[in-house]
Amino acid sequence: TNDADVKDEL
Amino acid sequence: MNIFRLCGDMTHLLSVVVLLLKIHTIKSCAGISLKTQELYALVFATRYLDIFTHHVSLYNTVMKIIFLGTSFTIVWYMRHHKVVRQTYDKEQDTFKHYMLIIPCFALALLIKTKFTPLEVLWTFSIYLEAVAIFPQLVLLQRTKNIDNLTGNYVFLLGAYRGLYLLNWIVRYFTEKGYRQWITWISGIVQTALYADFFYYYIKCWRNNEKLHLPS
């Protein structure tokens, strides 16, 4: 996982 | 989704409800910074560009639509509603947007994960959200009588950020490989900005006093 993949928060 | 994330989102939602209650029901935006509200509208507009391309869950999509819709509604009320706009403390709300927008955009160009328009704008929105409360905090300090709804609005916004920190701690320990440095560092900065406000909010609440910040 890198920063770009974590977009599940608002 | 853990309990802190859910409570954080609900607190954020509640802060918006409190603000809309003040604006729509009492027809007043006294003590509310239009600069901060415009920055939030910009934050959501640049962060949620993926709303139709990057589906996470129905929950996320619905919340994104709510935050986009309410942020622009609040700005509209403060700028154009014939009664509400007259209660706006224009002379006190002097912070300049560009002083926050330009550094955040420059930082997003320098420190981001991928150099694509969507990614840079998303990163920009993370940085901008961290500091968007600044004009509001300045205005609060200048306001002699902070009403309960305004005080509670800022408190709820700060609580939302604090709960997100707890959410990240839980995720770090429960999700393998989970890390997001840009969001974490911005989030810590954002929460720290509320520290001073929290101190006086709790102090006044414990002493049963009306909220006031030292200038």
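The backbone N, Cα and C atoms fix where each Cβ goes, glycine too.
Any TrEMBL annotation is an automated prediction that lacks curation.
Taken from TrEMBL as is:
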SIGNAL    B:1-28  signal peptide
TRANSMEM  B:55-77  transmembrane segment
TRANSMEM  B:98-115  transmembrane segment
TRANSMEM  B:121-140  transmembrane segment
TRANSMEM  B:152-169  transmembrane segment
TRANSMEM  B:181-202  transmembrane segment
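Between the transmembrane segment (B:121-140) and the transmembrane segment (B:181-202), three or more CB pairs separated by 6 or more residues in sequence fall under 8 Å, so the two stretches touch.
Residues 2, 4-5, 7-9, 11-12, 14-15, 18-19, 22, 32, 133, 136-137, 140, 180, 183-184, 187-188, 190-191, 194, 197-198, 201 of the same chain lie 6 or more positions beyond the ends of the transmembrane segment (B:152-169) yet place their CB under 8 Å from a CB of it.
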